[in-house]
Amino acid sequence: MAVGLTISNEGGGQQYNGRMTVLVVLSCMMAATGGIIFGGAAFLAGSALGGAAFNIYMLIFGRVLLGVGVGFANQSVPLYISEMALPRHRGAMNIGFQCGVGIGVLSANIINFGTQKIEGGWGWRISLALAALPASILTVAALLLPETPNSLIQNNSNNHQKAKTVLQRIRGTDDVQAELDDLIKASSISKTINHPSWNILQRKYRPQLVMAIAIPFFQQVTGINVITFYAPILFRTIGQSESDSLMSTAIVTGLVGTTATFISMFVVDKLGRKALFMIGGVQMLVAQVIIGGIMANLLGDRGGLSKGYAYLVLALICVYVAGFAWSWGPLGWLVPSEIFPLEIRSAGQSITVAVGFLFTFVIAQTFLTMLCHFKSGLFFFFGGWVALMTAFVYFFLPETKNVPIEQMEKVWKEHWFWKRIVGEVDDDKVYTQGA
């Protein structure tokens, strides 16, 4: 039975035929595209230079290459996953990327903790060189896994059979014509755009441009840096050494964050993006305000915390980290990867990545200065940003769950604010959803 369904801010849209297949799971786990091949190669070269470095210049150049690899990965992986996954599984598959990052960071911290105890002072070489292991897996897998149907259609507009075959394989069904037609239509539109990097400035793309800038900016001013700075101090307060306190911070926050991200994978396509943004925002705000109040009243400029309060603040830090890890942490990459139409998708994702890394740099360079001036007030400063970004999401971000990526423009045309800029959706255009 078929029923008419218009897209609303709560998500929806035409549901394509298909199921979650082993191929699409493997593809999304490895997130292999042509761009990732270059990213993997950069990781390999960077890890080799770092592990074999005999002067500071080799270390710096190795780090630059590792940064190039990170840039390629953050540009390509979210887009690849969003294009490969079914709309109803897109959120979970994409957050798997962030979950993998969390596991990688946690593993790296554990390796660093072990290698620093190696006598002779050469343990750091092992830490840097071991980055070649996941980079090798990523590079080899990129050669084996398929291109997305979107990419195949873009590169061969006269023959869509290969794209259809891949689509049938990753969807596990032969009935993919509806989705294929949408991909062909999106490709045809994109080919009429001569300069996508500049066309994103057009009025009809204003919502996507705003989100490409606002979401990564807000992600960096959540205050995650101040939390990770204070945590080692608290571990030292409860009796740990300096080295152990740093390791405890990495392991505790890493375990909490990875677990919360894993939970987010299972609920993001049920609760929706906005719900997780709101839950995480409120959770982070409450934790920051309470921590800031405790620090201001008990720690002061030169004071200290009792073990009881130190444990309380550590528990609140875990609450905060969990809130970040199932909201702004993964959703800061998921939402931008699914909102851009094909003709500006690469340019939009590039802006998202660039803004994110730019403000990562700005926060890193200004954090200690702000800490010296604001002291415990820094928690309230970032708490104010969390309140602002939560309100921003509530009022200006439409729900995108279950909406096919090639039909995403409809959510902006039905949003109370953005429809004034991009125009309203035609009343006679509805989607048919199987029921």
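The backbone N, Cα and C atoms fix where each Cβ goes, and this holds for glycine too.
Note that the structure is predicted; figures quoted are calculated from it, not measured.
The domain 'Major facilitator superfamily (MFS) profile' annotation in TrEMBL covers 1-401. Per TrEMBL, the feature transmembrane segment maps to 21-46, 52-74, 95-114, 126-145, 209-233, 245-268, 275-296, 308-329, 350-371, 377-397.
Most Cβ pairs under 8 Å with the transmembrane segment (275-296) belong to 245-268, among the candidate stretches 52-74, 95-114, 126-145, 245-268. The list of residues near the transmembrane segment (95-114) in space but at least 6 beyond its ends in sequence, with Cβ under 8 angstroms from a Cβ of it, reads 28-29, 31, 77-78, 81, 123, 126-127, 130, 134, 247, 250-251, 254-255, 257-258, 261-262, 264-265, 268, 325, 329-331, 333-334. When averaged over the domain 'Major facilitator superfamily (MFS) profile' (1-401), pLDDT in the model lands at 81.
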